[in-house]
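Chemist: Positions annotated as topological domain 'Cytoplasmic' by Swiss-Prot: 1-14, 71-80, 124-135, 191-208, 267-274, 320-332, 385-396. If you look up Swiss-Prot, you'll see 36-49, 157-169, 230-245, 354-363 marked as topological domain 'Periplasmic', on the strength of sequence analysis. Here Swiss-Prot flags 15-35, 50-70, 81-101, 103-123, 136-156, 170-190, 209-229, 246-266, 275-295, 299-319, 333-353, 364-384 as transmembrane segment, drawing on sequence analysis.
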Amino acid sequence: MTTNTVSRKVAWLRVVTLAVAAFIFNTTEFVPVGLLSDIAHSFHMQTAQVGIMLTIYAWVVALMSLPFMLMTSQVERRKLLICLFVVFIASHVLSFLSWSFTVLVISRIGVAFAHAIFWSITASLAIRMAPAGKRAQALSLIATGTALAMVLGLPLGRIVGQYFGWRMTFFAIGIGALITLLCLIKLLPLLPSEHSGSLKSLPLLFRRPALMSIYLLTVVVVTAHYTAYSYIEPFVQNIAGFSANFATALLLLLGGAGIIGSVIFGKLGNQYASALVSTAIALLLVCLALLLPAANSEIHLGVLSIFWGIAMMIIGLGMQVKVLALAPDATDVAMALFSGIFNIGIGAGALVGNQVSLHWSMSMIGYVGAVPAFAALIWSIIIFRRWPVTLEEQTQ
């Protein structure tokens with residue numbers, strides 16, 4: 001009995017450490033959203049010009065997720081995690097030392113390389129290390145780490161950037177990663193690669209129309225979200241005319257609302273996943289369409305950000321659950337593709353927001369983002385009606 005209890009405690013400790021790692025990786029991806037103005041001021045650039053860094057990061061992840069996953073498919077997972085954390089930490093040290101915007105971008109590319117591998121293996125590792133019968137809870141913990149990156153990571157990173165400079169934000173993330181690495185070295189056993197899939201898995205996955213439809217839905221809805229979200233900090237200050245402190249509070253509110261979305265999905269996701277995702281996309285559409293009208297009031301923007309955060313968490317969880325259900329025989333390949341496709345959406349959205357801000361007006365980012373959100377809503381209704389069973393159950 002004691003051995004089993006200890007074993008379960010150790011198993012949960014391993015999953016929690018992975019969740020902390022997920023928090024750190026997502027924090028570093030999201031945190032530039034709250035630092036764009038400070039970085040732009042530091043390098044004497046326009047905010048919209050600095051925003052291209054978001055697109056470069058996301059598209060490097062998108063481009064390298066599958067190749068890196070395939071290159072490392074036979075590598076023992078503990079060793080792989082240690083190596084990618086070393087790259088991650090070294091890249092953050094370079095971010096801290098960046099003497100030009102070009103060097104900062106190079107350092108972010110290094111982080112993106114580590115990110116590309118991490119997210120292709122994390123979900124399957126969490127499932128493997130979870131106590132018996134607790135796989136869903138293990139995935140929920142990883143999702144919580146992801147949500148907390150927006151709830152705590154991004155706002156804290158912005159606060160550190162405001163008071164100590166944006167370089168210290170990246171340095172602090174590097175320190176957090178170092179501590180997490182030491183915990184992983186201490187806790188993780190040898191983890192031989194399992195069910196990672198290979199190039200042979202790709203034709204099999206591509207022949208699953210339900211899975212391909214989910215991938216398409218993912219890229220469109222993420223593009224919609226990041227068209228506006230990437231520039232929400234300068235939007236709040238320059239368009240709405242509110243303070244930097246309110247921008248921080250708004251990011252905290254939006255991220256915190258993600259926890260509510262996670263709870264809602266945890267309660268209803270098993271039975272009503274498709275309906276939840278479509279409803280969340282509709283909610284995202286409304287939030288984007290009302291972004292500019294809501295900019296005349298702090299209360300209006302605050303309420304809107306709550307619904308926005310709830311919607312995006314449900315969408316993110318719903319997409320991940322469906323991908324895992326539709327590719328149980330090649331989870332690493334499927335999740336590498338998902339990570340790549342998700343980041344194509346991030347990069348595309350950030351680029352669209354960049355172009356709208358530079359050549360039109362930053363005030364229009366919500367309206368422009370609403371266009372792909374509407375397309376995503378229509379597509380979700382179509383595919384969930386066409387594959388109502390396939391999307392809820394595992395295929396073999």
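Residue 1 is the first one shown; counting continues down the chain.
Even glycines carry a Cβ here, placed using N, Cα and C.
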Chemist: Considering only the recorded stretches 136-156, 209-229, 333-353, state which has the highest number of Cβ pairs under 8 Å to the transmembrane segment (103-123).
Modeler: 333-353
Chemist: So which of 15-35, 50-70, 81-101, 333-353 is most in touch with the transmembrane segment (136-156), counting Cβ pairs under 8 Å?
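Modeler: Most contacts with the transmembrane segment (136-156): 15-35.
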Chemist: Take the C-beta pairs under 8 A between the transmembrane segment (170-190) and each of 15-35, 50-70, 246-266, 275-295, 333-353. Which stretch has the highest count?
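Modeler: Ranked by Cβ pairs under 8 Å, first place goes to 15-35.
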Chemist: Any idea what the model's mean pLDDT is for the topological domain 'Cytoplasmic' (320-332)?
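Modeler: Averaged over the topological domain 'Cytoplasmic' (320-332), per-residue pLDDT gives 77.
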Chemist: When you look at the transmembrane segment (275-295) alongside the transmembrane segment (15-35), do they share 3+ Cβ pairs under 8 Å, ignoring any pair fewer than 6 residues apart in sequence?
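Modeler: The answer is no, given that the two segments have fewer than 3 Cβ pairs within the 8 Å cut-off.
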Chemist: For a three-state summary based on DSSP, what are the helix, strand and coil counts in the topological domain 'Periplasmic' (36-49)?
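Modeler: Helix/strand/coil tally for the topological domain 'Periplasmic' (36-49): 10 helix, 0 strand, 4 coil.
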Chemist: Is the number of Cβ-Cβ pairs under 8 Å between the transmembrane segment (275-295) and the transmembrane segment (81-101) three or more, considering only pairs separated by 6 or more positions?
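Modeler: Between the transmembrane segment (81-101) and the transmembrane segment (275-295), which are separate recorded stretches, there is no contact, as judged by 3 or more close Cβ pairs.
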